[in-house]
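Database features, via TrEMBL:
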- B:5-411: domain 'PTS EIIC type-3' (DOMAIN)
- B:21-45: transmembrane segment (TRANSMEM)
- B:75-93: transmembrane segment (TRANSMEM)
- B:100-119: transmembrane segment (TRANSMEM)
- B:139-157: transmembrane segment (TRANSMEM)
- B:178-198: transmembrane segment (TRANSMEM)
- B:285-305: transmembrane segment (TRANSMEM)
- B:317-346: transmembrane segment (TRANSMEM)
- B:391-411: transmembrane segment (TRANSMEM)
Amino acid sequence: MGKNIYLFCSQGMSTSLLAQKMQTVADHHQLPVTVVAKPHGTLPQTVATEAVDVIMLGPQVKYLYEETLAAYGKRRPVILIDAADYGAMNGERVLKQALLGLKQARQ
Amino acid sequence: MMNALEHTLMPVAEKLGRNKLLVAIRDGFLITTPLIIVASLFLLFNNFPIPGWSEFWAGIFGEGWQAWLSNVSRAVFNLVGFLSCFGTAYAYGRELKTDAIQAAGVAIVAFIILTPTDLTLKGGTSIIGLDTEYLGTNGIFLGLVVALVAVRVYAFAALRGWTIKMPAGVPPAVADSFAALIPSGLVMGLFFLIRIGMGLTPFGTVHQFIFESLQTPLKGAGNTLFAQIIYGLACTLFWSFGINGPAVANSVFAPVTKVLTMENLDAFEAGRELPNIFTDPFSNFFTNFGGGGSTLSLLIVMVLFCKSKRIKELGKLSLLPGIFGINEPIIFGLPVVLNPIILIPFNLVPLMNLLLSTLVTRLGIIPYTTGVALPWTTPVGFSGYLATGSWVASVYQLLLLLLGCAVYYPFIKMLDKKYLADEQVAGASLDETDELSFDDLALDLDAEA
């Protein structure tokens, strides 16, 4: 079974662009990964109903990081996306961060 | 100074983002907004701003075709207060981790308990029915208040497990089916008493009380240029530190701008004079183009006049999202965030747009917005026409966009020069993340299983 990476920002608009780029990179390298973008408001519901392996927050909601980490960080990595990578919509770097988080969580 | 400002703004955003009441109101409107947009399309079709439009369709469908479409728009607009109550109650129930749909159900019942159900017809006959006067725009604030109170009470009782105890031997599923009884009973009993109590005061109904003591004063305060300047500055100031400004500011301003917008929409539907300047479409389509900071102007200058590779690449990447009002690539990529050069026009251009748009609207050069709700992603040019029904507004939008380019020009050129110099000195630098290979990050899924 592959891993599900969830990206959250306020409305899920710009993160959907980044998610698309990350998915392209993942597919290119044949990594068993699904990248999904959603509005932050749907986080509790998403975690309750779907298999969320990594939570990544866009920099525009960095003020929600602590809260999200406290609520959901025990069972999966919660990562704040680097602002420069986010701005450049660098799918490869953000995907690497996600996979790195997964790897560290396993150790 | 930037540091001090960031240390003040972050906790504000955090507090507002964590406040369950404000989150519930904001997310509640997210539930009603799509409905309002769809209903607006029906209304727009009904009143499309082209001469002869109505007669053309009457020729095909016969007189009275508009009544069919009005039915759809009325189904939303005349119930918008009621729907706000439902949406906010659901969102608040979710925030309080109680049974959200049950809580929303009891909240709309509480809303109706407060609403007069005896109507007197013109002839003097009395019938039982609901006057949409109470359920529409005038009921928005009441809807919010009822939702918050009802769900709070419901959750209080439900989370304490106040329920009817069944004797041992009764199947657990049967006992569960009574779980909502006592919480619902408490809410309905409470609103029953509120209704009776308010009947003894000069206000007569809670609708009247909330409308006069909360909705009208707050609306009046929001419908001023001063309030709009505060709102606009709050949006760009939060973005200056990388925080989604409107997401923060709307948690406070949304109820008021919603009322202002719906009042125009009601008037537009009824063919009355439009009452308010400062509606949602006004602030979405006449103060910012291409996202907060009116960055579409910036983007145009970036693409046309900048020479550094960094800015040119970013411009190409951001152009398409930018046309639809999504500008995070610029905000974090240029970056705008904490960039002392760009922050000046980033905060000034929307302010200039707001002042000029208010002026030309007051002068009657562009009409008031009809309140017709469009997705905020609607591109410039189209949005001006659809929001006001006048081509003049589209032309005005484009002029304002160009004026914004002129303001951004000297600032972005300064940055461009700096990046150009950097690029000539240094090659690309790689850091740890770049050097990671996907092989190092292999997911070892087999090992795990």
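Note: Cβ is positioned from N, Cα and C throughout, glycine not excepted.
Curation does not apply to TrEMBL; its annotations are automatic.
Under the criterion of 3 or more C-beta pairs below 8 Å, with sequence separation of 6 or more, the transmembrane segment (B:100-119) and the transmembrane segment (B:178-198) qualify as touching. Distant neighbours of the transmembrane segment (B:75-93): 20-21, 23-32, 35-36, 38-39, 43, 99-104, 106-108, 111, 132, 134-144, 146-148, 150-152, 154-155, 258, 262, 265-266, 269; these residues of the same chain sit at least 6 beyond its ends, with a Cβ under 8 Å from one of its Cβ atoms. Across the domain 'PTS EIIC type-3' (B:5-411), the model assigns an average pLDDT of 89.
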